[in-house]
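Some features that Swiss-Prot has for this protein:
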TRANSMEM  10-30  transmembrane segment
TRANSMEM  54-74  transmembrane segment
TRANSMEM  99-119  transmembrane segment
TRANSMEM  120-140  transmembrane segment
TRANSMEM  149-169  transmembrane segment
TRANSMEM  186-206  transmembrane segment
TRANSMEM  223-243  transmembrane segment
TRANSMEM  258-278  transmembrane segment
TRANSMEM  300-320  transmembrane segment
TRANSMEM  322-342  transmembrane segment
TRANSMEM  343-363  transmembrane segment
TRANSMEM  371-391  transmembrane segment
Amino acid sequence: MLHPRARTMLLLSLPAVAIGIASSLILIVVMKIASVLQNLLWLRLPGTLGIAQDSPFWIIAILTLTGIAVGLVIRFSQGHAGPDPACEPLIGAPVPPSALPGLIVALILGLAGGVSLGPEHPIMTVNIALAVAIGARLLPRVNRMEWTILASAGTIGALFGTPVAAALIFSQTLNGSSEVPLWDRLFAPLMAAAAGALTTGLFFHPHFSLPIAHYGQMEMTDILSGAIVAAIAIAAGMIAVWCLPRLHAMMHQIKNPVLMLGVGGFILGILGVIAGPVSLFKGLDEMQQMVANQAFSTSDYFLLAVIKLAALVVAAASGFRGGRIFPAVFVGVALGLMLHEHVPAVPAAITVSCAILGIVLVVTRDGWLSLFMAAVVVPNTTLLPLLCIVMLPAWLLLAGKPMMMVNRPKQQPPHDNV
């Protein structure tokens, strides 16, 4: 016979697995549609028209039209494509299901059109809303928070292809009774995360790791170097934190979302022309291209880091539906490669991983997620103790500092209301 604690844990196991699988399938379908549309917009269509896909005209035109298209969706869809992600944390309150079709369309258009945002926030919003709406109907005795946690865990597992990230994140956020062991509370979320990760793995494998030279033995000077790199990344990130609410307020002076996002798309196009196609899109595939390109110099990496960070701020401030974590990782990689090129004595494994740790910490203010992203992009067990030590001064630097999020105005513009 199972102990009552075990029966309690098993109670949500089946819903957790179902939510994890569904979370992954929604992500896969959205990413597949976005990939097909991206191929049409950036390969087939310019080839048919006899235009180079990396020509300034095409980059500016596609991003401007993408902004206009997303603006039309936000303006006219029911629920106005959900809340503005710039005003929301990664895991937020459930939105009405009526807003989800518009949100999914806006996300697909942004991903395919080259906007410098990732899928994580909208996918999280969609999965939470569906889990709460369906779960409340099927099992009304389970509260909304439980469904939110399961959907969040399933989505995190699906996004990163492993339940480890969910375990790390929820180990610090599940504040239950002290009489209930932590792993009892983690059981169902980890089931959801594992189901999401395994389902994603059946269709594709998220490829985060970079081919960076292996890091051997840790030395004391490496800790100092890593702390300096993380501090530089934090400084760069805090500039973006300062800019985001100000640019957001400026952009939202334009009351028409079609015009506002059209202007935002045009600015993104200009930034894309300056730094090239590798600075477009969510950043994961592009950072692989950046590392593989041996022709990039210190100034090239610096330009890519600055432009990608600027594009992230512009996209978020303009109201595009997307997340900030994936493009932030790209910024960290570019910054780390730049610092390694500038000071070759510091191994690239240290500069890249510590830069990712610093910039993701600014964006998420989540120590475990920052450590996880740094560790999966530069997978080297020798780095783990160094990253844990470097996290300490980085966390001190950010204590009490504002987050990369816009305070929600008392009365949002009509197109952002749900």
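Each residue, glycine too, has its Cβ placed from N, Cα and C.
Within the same chain, the transmembrane segment (149-169) stays apart from the transmembrane segment (343-363): fewer than three Cβ pairs sit under 8 Å, each pair at least 6 residues apart. The list of residues near the transmembrane segment (300-320) in space but at least 6 beyond its ends in sequence, with Cβ under 8 angstroms from a Cβ of it, reads 67, 70-71, 74, 84-86, 106, 110, 115-117, 236-237, 239-240, 243-244, 247-248, 250-252, 257, 260-261, 263-265, 267-268, 271-272, 274-275, 278-280, 283, 290, 327-328, 330-331, 334-335, 337-338, 341, 406, 415-416. Stretch with the largest number of CB pairs closer than 8 A to the transmembrane segment (371-391), among 10-30, 99-119, 120-140, 258-278, 322-342: 322-342. Beyond the transmembrane segment (99-119), the same-chain residues lying 6 or more positions past its ends with a Cβ under 8 Å from any Cβ of the stretch are 27, 30-31, 33-35, 37-38, 40-42, 59, 62-63, 65-67, 69-70, 73-74, 77-82, 85, 125-126, 129-130, 159, 265, 268, 272, 277, 279-284, 308, 311-312, 314-316, 320-327, 418. Sequence-distant contacts of the transmembrane segment (322-342) (same chain, six or more residues past either end, CB-CB distance under 8 Å): 85, 90, 107, 110-111, 115-122, 124, 208, 210, 229, 232-233, 236-237, 282-284, 286-287, 290-291, 296-298, 301-302, 304-305, 308-309, 311-312, 315-316, 348, 351-360, 362-364, 369, 373-374, 377, 404.
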